[in-house]
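Some features that Swiss-Prot has for this protein:
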TRANSMEM  10-30  transmembrane segment
TRANSMEM  39-59  transmembrane segment
TRANSMEM  81-101  transmembrane segment
TRANSMEM  167-187  transmembrane segment
TRANSMEM  228-248  transmembrane segment
TRANSMEM  264-284  transmembrane segment
TRANSMEM  294-314  transmembrane segment
TRANSMEM  329-349  transmembrane segment
Amino acid sequence: MTEFTKLRWLLSAAGLVMYVADVCTDAALVLTYFKEKHVVCAALTLLFIVVGLLVTQVFSTAWYWDDMDCDEKREDMKTTLPVVSKRGLATLHLFGVGIFIRYYQMLKRGFGVAWGTVEPVEEIKNQQHFLFGLAADLSMLRLLEAFLESVPQLLLQLYIVLGQQECSLVQLVGMSFSFMNAAWALVDYRRCLRRSLPDVRQMPRGLPTAIYLLYKLFTITSRVLGYALLLIFSIYSTVGLAIVWLLGTAWTHRLHTDFCSSQSLEFLYRAIVGVILTFTFFNVKGQGTRDAMITYYFLHSLINVLSLLLLFVLRPDLLTLAALLCVSTLMAACSVLGLVCLVLYYLLLHPTEACREADEVDGLEIKTRSKGRLRDFLYP
């Protein structure tokens with residue numbers, strides 16, 4: 001049986017620290033921009049923070065309500081806030097503490113399991129089961145927050161830094177934490193997803209995890225750099241980004257996803273998936289992905305080449321030659337290394353499963369609502 005170990009507890013605590021640090025550095029950026037009279041930059045930075053916070057609170061509330069309405073919920077699977085009503089939970093989330101409540105639940109119960117303060121064997125099994133359900137919900141919320149706040153924040157800061165051709169300490173720290181927060185969310189989500197699938201081997205630690213992480217980080221970095229160059233070329237490139245988002249949202253809508261219990265939340269979910277697809281590839285509904293992935297990364301490479309050509313040929317005055325060569329080299333290297341890591345992972349390191357296609361699919365029997373949500377969410 002998979003166990004919630006001391007290491008898992010410590011990593012969960014580290015994830016909470018990373019989340020708080022990312023929010024704090026972004027808040028520091030907002031204050032810095034306001035002090036420097038950069039009102040637009042401050043407003044955009046604050047907007048990304050608020051959007052990420054608001055969306056995660058909405059989904060966290062909806063999932064708590066779904067769990068409270070679940071007829072099959074057992075006594076040991078209930079929330080650690082039994083005296084709180086639906087209205088009370090909504091009020092707590094209104095103050096933006098939804099993720100903190102979930103971390104409190106997981107760290108409190110996880111401490112008892114990992115450090116052996118829970119005695120009966122059956123109780124330990126129940127707690128293990130509940131803890132991995134909490135981890136599943138948190139991994140999805142952190143992924144949403146990463147692509148609605150951290151990654152757009154990284155794009156904005158890169159655009160500002162490249163445009164000004166200088167980088168302050170606050171900007172450097174903010175970009176670093178946004179980068180690490182996105183990386184943490186990606187790996188944690190991947191591991192939680194595979195752990196939730198009953199007939200699928202867990203994602204191995206060590207080299208496979210490192211290669212998968214590098215694949216995602218390299219491809220996201222090259223994509224963000226390409227978008228930043230397009231924005232430097234013309235601020236009207238935001239129209240192009242909006243079109244890319246609309247295409248991703250339309251594709252998700254065409255797949256008829258059924259992640260949410262309400263139609264309005266389902267439309268919001270599809271719009272968010274469109275944002276995620278703007279920056280990285282995810283298997284939206286467990287269908288075969290080879291052709292879709294090839295098409296996606298071909299277009300990804302095309303956008304990167306286009307952004308470089310536009311700056312080199314039409315607006316070489318916007319960046320110094322040294323800066324342009326540095327960004328071009330970094331973007332090309334990240335694109336190549338990301339695709340190499342992608343091929344290495346899926347050819348040599350991806351866990352093979354018996355009685356299952358290469359891509360995990362929906363429709364399996366589930367043991368908890370949290371794990372059921374996870375299987376219907378996204379497939380990396």
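Glycine too: its Cβ is placed from the backbone N, Cα and C atoms.
Between the transmembrane segment (10-30) and the transmembrane segment (167-187), three or more CB pairs separated by 6 or more residues in sequence fall under 8 Å, so the two stretches touch. Sequence-distant contacts of the transmembrane segment (167-187) (same chain, six or more residues past either end, CB-CB distance under 8 Å): 15, 18-19, 21-22, 25-26, 28-29, 32, 139, 142-143, 145-147, 149-151, 153-154, 157-158, 160-161, 209, 212-213, 216-217, 220, 380.
The transmembrane segment (228-248) is not in contact with the transmembrane segment (39-59), judged by fewer than 3 CB-CB distances under 8 Å for residue pairs 6 or more apart in sequence.
Residues 55, 58-59, 62, 143-144, 147-148, 151-152, 216, 219-220, 223-224, 241, 244-253, 255, 257-258, 292-293, 296-297, 359-360, 378-380 of the same chain, all 6+ positions outside the transmembrane segment (264-284), place their C-beta atoms under 8 angstroms from a C-beta of that stretch.
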